[in-house]
Amino acid sequence: MAKELKGIAASDGIAIAKAYLLVEPDLSYEKTEVTDVESEVKRFESALEVSRTELSMIREKAAKDLGEDKAQIFDAHLLVLNDPELTGPIEESIKNSKTNAETALQETTDMFIGMFESMDNEYMRERAADIKDVRKRVLSHLLGVTIPNPALIDEEVVVVAADLTPSDTAQLNRNFVKGFVTDIGGRTSHSAIMARSLEIPAVVGTKEVTASVAKNDIVIIDGLEGNVIIHPTEEQIAHYEKIKSDFALQQAEWDKLKNEKTVSKDGVHVELAANIGTPNDLEGVISNGGEAVGLYRTEFLYMGRDNFPTEEEQFEAYKAVVSGMDGKSVVVRTLDIGGDKTLPYLELPEEMNPFLGFRAIRLCFANEELFRTQLRALLRASVYGNLKIMFPMIATVNEFRQARDILLDEKAKLKAAGTEVSDSIELGIMIEIPAAAVLADQFAKEVDFFSIGTNDLIQYTMAADRMNERVSYLYQPYNPSILRLVKMVIDASHKEGKWTGMCGEMAGDQTAVPLLLGLGLDEFSMSASSILKSRSLIKRLDQSEMVKLAEEALNKSTAEEVVELVEKYTAE
């Protein structure tokens, strides 16, 4: 008998296949006393080393299949394995308590996990999840238990799991794994983000799928609506095969738009750009018809290594992206480290709230030579294409002036040394701090463009961490207050003859696109896989009508009213 579950649609598409259950292994053990303490310490160190090797291989595969930016998550796990502040106490516990390695590992990590989970800071709570993932891996090697390896799947299946760790998701082979469904998770969870990168259907947060599915059961995953059907009837299979076929035809229609400009029904052109993390991501931008790179996150050049990238290394990376876009615009964001992004070789102060602390441009000003090195590399790369530079986390006009003056100083030095540098580099800022949005009219007199980073702008405006489930209901992209800030920024730029882009998740959201078009946004920068879908939508919209829609939305009281307004319009 068919059973239907409802979850959260995390990645578009339909999958119909037999279930592959990713079951947690039995990692139970007995606490024992050891007599040969040194041998026990060596056994623990051996398990650590095997785990490091294994994780390094997983990271390499993730970088190859998903891109360097998605592989960065494993750097956090490797940092845990290499952290003497964690491994040291475990070894001390073995020596002092004469206990087996399994017990020392469990008890010591329990202490750290409890400490991190009790913190208000979401970033620190995520470190607890990293420790749990690493502990499971090390414990499995101590016990000689094999952790299920999704990379070994060699037949068409849908993966069913309570949750998928980043390690699990990075090993999924797209040729065989047609989709996945989990008990827990949300649209912004790691597993959901990975699913969209892999471009496979996914439904998360069903609460009970693992209790409802047995190995080899036929399962339908509807990543469009968030439905899951176990033991579907022939009629249901036929129905979803039709939806799957229609969706494939829809994607084929979108593919026809690859080489077209993005023009609304009434002839208004906007630019659809892509967010990237490495030069390897360019292939996806080009294959999806990206008109520009709206955000190049340079921090990924600094991650996954044990020292700062040299000027030459940076120059080669920037040159590859700028030249690879063949004259199309490339907006490069200078180093945005701090908050949720750390470097193992850069000591940062411990802060109660790192998202409001020493990060991004603030960190660059305090480490000026680091900043100057990056700017020199960017200036040298500018002659190979259409390079634009923007500074993150700008709160005051003086901060922009300081960053601009450092760049102009480096430009003058390079020219004096005979190095060719473009004279047409546009300089802009990220609008992610409400203070910058409110003062956009003054910034617009000095910058060449704005790029609205909605992920942080929404968090800072609503005072709500979007990864904190207790307050995530306040993370509201459609709240009229957010829309008013966006309009304020766009209007300020246009008054000075400048342009505004958006590089947060909101830019590719199909509910937000009509509103943003009506607000006058010039550039929409999103994940490459969302470009063609968004282009298709915009080509069906009349921009003059969207202006009226946006005006009406600005005068609503709640986010729910705005969504209802857009849905009512798009349904007509």
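Any Cβ shown, glycine's included, is placed from N, Cα and C.
These numbers come from a predicted model, not from an experiment.
What Swiss-Prot records for His190 is active site, tele-phosphohistidine intermediate. Sequence annotations record features per position, and here Swiss-Prot assigns active site, proton donor to Cys503. Here Swiss-Prot flags Arg297, Arg333, Asn455, Asp456, Arg466 as phosphoenolpyruvate binding site, drawing on similarity to another entry. Under the heading Mg(2+) binding site, Swiss-Prot lists Glu432, Asp456.
A map of Swiss-Prot features onto the structure.
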{"residue": "Arg297", "record": "phosphoenolpyruvate binding site", "DSSP class": "strand"}
{"residue": "Arg333", "record": "phosphoenolpyruvate binding site", "DSSP class": "strand"}
{"residue": "Glu432", "record": "Mg(2+) binding site", "DSSP class": "coil"}
{"residue": "Asn455", "record": "phosphoenolpyruvate binding site", "DSSP class": "helix"}
{"residue": "Cys503", "record": "active site, proton donor", "DSSP class": "coil"}
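Of all Cβ atoms in the protein chains displayed, 19 besides its own lie within 10 Å of the Cβ of Arg297 (phosphoenolpyruvate binding site). Cys503 (active site, proton donor) and Glu432 (Mg(2+) binding site) have their C-alpha atoms 10 Å apart, to the nearest angstrom. Counted within 10 Å of its Cβ, the other Cβ atoms near Glu432 (Mg(2+) binding site) come to 26, all protein chains included. If you take the Cα of Asp456 (phosphoenolpyruvate binding site) and the Cα of Glu432 (Mg(2+) binding site), they are about 5 angstrom apart, rounded to a whole number.
Of the recorded positions Arg333, Asn455, Asp456, Cys503, Cys503 has the largest number of other Cβ atoms within 10 Å of its own Cβ. It is 13 Å from the Cα atom of Arg333 (phosphoenolpyruvate binding site) to that of Glu432 (Mg(2+) binding site).
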